[in-house]
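Okay, structure first, notes after.
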Amino acid sequence: MLNNAMSVVILAAGKGTRMYSDLPKVLHTLAGKAMVQHVIDAANELGAAHVHLVYGHGGDLLKQALKDDNLNWVLQAEQLGTGHAMQQAAPFFADDEDILMLYGDVPLISVETLQRLRDARPQGGIGLLTVKLDDPTGYGRITRENGKVTGIVEHKDATDEQRQIQEINTGILIANGADMKRWLAKLTNNNAQGEYYITDIIALAYQEGREIVAVHPQRLSEVEGVNNRLQLSRLERVYQSEQAEKLLLAGVMLRDPARFDLRGTLTHGRDVEIDTNVIIEGNVTLGHRVKIGTGCVIKNSVIGDDCEISPYTVVEDANLAAACTIGPFARLRPGAELLEGAHVGNFVEMKKARLGKGSKAGHLTYLGDAEIGDNVNIGAGTITCNYDGANKFKTIIGDDVFVGSDTQLVAPVTVGKGATIAAGTTVTRNVGENALAISRVPQTQKEGWRRPVKKK
């Protein structure tokens, strides 16, 4: 095991023609995150001193999407092969560091596998990640003599005998910086593709008497690349299946693991139940005994113990204390906060609003820029009118207030503790404590009224 510093080169210059997209291939997402970001995260977790990103097509889009300050951007103006890509990055290599080569369209490579590869690299030699396939057609074959790796032959350049070899190159390797620069300088494009192959450094190393150690990944999916949307969708399901399995083994009840998507990180308590077609995005925390109904989307939120989220509810950047109930068909937008035992029912929307302990907003309501006290009843059809076309204003409702149905609260406005708002009221001025506010037009009644008759 070597303890050298290490830098990582990520090849991400390909256009991705078979994706049929204006977006660079490596920016297409897996589990809600760009493929290349998965690789960058692995490199950073591995402790890379520098991450050199070799880019070409769609460079402006890449730079807009990837904000990692640790990235060194390396332009490959012409795509002349993997060896050529590494040659562009070579001036940045330190002689005494390890250089690990990764690919922006191989998103599921694990830190554990890369660490094993790094540990296995012999002094002065190369660590090479390989796999054995039943059908290796199209891949570079690993050639050996007396069990030792001697080189890699690309499929188009291989003889019929070499094409029978099942061990193939994944493209992922690690070597010393000084050695890498020397070997890269010796590459030629004398092959069927007319390209500079990074794989040729294996034969160069062998000719120098250097040892090449092959390591296999834990799972084949770790080294599967993406060239089209079908392959990407398959890797998405592989990834989601792995995440679901981890959650099940950790005690989370997923009613159907095949219909659950995790697009971020999930921290959870005990006895959590998640129904079908639920999507978890960003950083989500679920307390003990949380229940989430079918079709819900939870993003960057904290859900307290004993909360129940009914079907088809969307929760984003929200915070729920214990024993809250939400939905079905509710929407909590950024800044929504529910205190203990609060209830938000169907077709209720909250944004930048706090609902106090035991308070309820049961139906068809919008609460925006609002601070609502404890034990408040918000009647159906209540709207906080928080926007005048230019600025937002706040509504404050004290404890123990009863708001009748079809009420409009025109902010800025304050409703005092214990007040009652009659149904159909438009509140434009502050309401005092324990007062009744009513602004309905007086009802009139005309006896013997006859409806108009349609003219023939």
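Cβ coordinates come from backbone N, Cα and C, glycine included.
Quick caveat, the model's predicted, so the values are computed rather than measured.
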Swiss-Prot acetyl-CoA site partner of ALA380, ASN386, TYR387, SER405, ALA423, selected from ARG429, ARG440: ARG440
PLDDT averaged over the residues of the region 'Pyrophosphorylase' (1-229): 95
ASN227, ASN386, TYR387, ARG440 screened against LEU11 (UDP-N-acetyl-alpha-D-glucosamine binding site), Cα within 10 Å - retained binding-site residues: none
Helix, strand or coil at HIS363 (active site, proton acceptor) [DSSP, three-state]: strand
From GLY14, ARG333, HIS363, TYR387, ALA423, ARG440: recorded positions whose CA lies within 10 A of ASP105 (Mg(2+) binding site): GLY14
Within the region 'Linker' (230-250), residues counted as helix, strand or coil by DSSP: 20 helix, 0 strand, 1 coil
Residues ALA380, ASN386, TYR387, SER405, ALA423, ARG440 [recorded acetyl-CoA binders]: greatest CA to CA distance in Å: 23
